[in-house]
Amino acid sequence: MNLNKIVAGDDIPNDIYVIIEISSNSSPIKYEVDKKSGMLFVDRFIPTPMFYPCNYGYINHTLSLDGDPLDVLVPSHYPIKSSCVIHCKPIGILNMQDESGDDAKIIAVPKSKICQEYKNINDISDISELLKKQITHFFQNYKTLEKEKWVEIIGWGNCQDAKLEINDAYNRAKKNSIFLNK
């Protein structure tokens, strides 16, 4: 499976393809796709007994400030299998830092063709406060039992902030020729 052939989106930053690494509500295991082989690897077992509140993945052909592709959380009623690709629209961003530096998380919902329920969700203000609190709580606490690891939540940003981050990460990857097929 060569996930490197998956484009970042049809209309960056308004339209993105998210490669799922971790299903929502799954066991506390951090998976990462190896960008060269496309295979899913176990990164680590998370000692804090928590589950991911949303499907967790990344946008291919992007480079975030931590040196990895840009992370994305995709809320849905159903867990999406690891290594699946889902067509999404960005609605917001959770800005945070960890022991490696800036570590933004884009929040994106499935395109309405996939699920009509998200048709009118266009900004982070359109999702429930409870879901935002669950996401914040997860990231504030999931590393607490790991030595020398920490997370600081900076705050939420809106759809425009998310699109700016996506553009920056896409252009950064392009400039550095990282994750791009030639």
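Just so it is clear, glycine is given a Cβ too, placed from its N, Cα and C backbone atoms.
Note: TYR56 (substrate binding site) has non-local neighbours ILE20, GLU21, ILE22, SER24, ASP71, VAL72, LEU73, VAL74, i.e. same-chain residues 6+ apart with C-beta under 8 A of its own C-beta. The annotation substrate binding site is assigned in Swiss-Prot to LYS30, ARG44, TYR56, TYR142 on the grounds of sequence analysis.
Long-range Cβ contacts of ASP66 (Mg(2+) 1 binding site) within its own chain (separation 6+, distance under 8 Å): ASP98, SER100, GLY101, ASP102, ASP103. Look at Swiss-Prot and you will find ASP66, ASP71, ASP103 tagged as Mg(2+) 1 binding site, backed by sequence analysis.
The Cβ neighbour count for ASP71 (Mg(2+) 1 binding site), using a 10 Å radius over every protein chain in view, is 21. As annotated by Swiss-Prot, Mg(2+) 2 binding site applies to ASP71.
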Would you list, in sequence order, the residues of this chain other than LYS30, ARG44, TYR56, TYR142 that have their CB within 8 A of the centroid of the site's CB atoms, where the site is the one recorded for substrate? ILE22, PRO28, ILE29, TYR31, ASP43, ILE46, TYR52
CB contacts under 8 angstroms to LYS30 (substrate binding site), restricted to the same chain and 6+ apart in sequence, sorted by sequence, are ILE22, VAL42, ASP43, ARG44, PHE45, ILE46
Around the Cβ of TYR142 (substrate binding site), other Cβ atoms within 10 Å, all chains included, total 20
What three-state class does DSSP give LYS30 (substrate binding site)? strand
In which DSSP state, out of helix, strand and coil, do we find TYR142 (substrate binding site)? coil
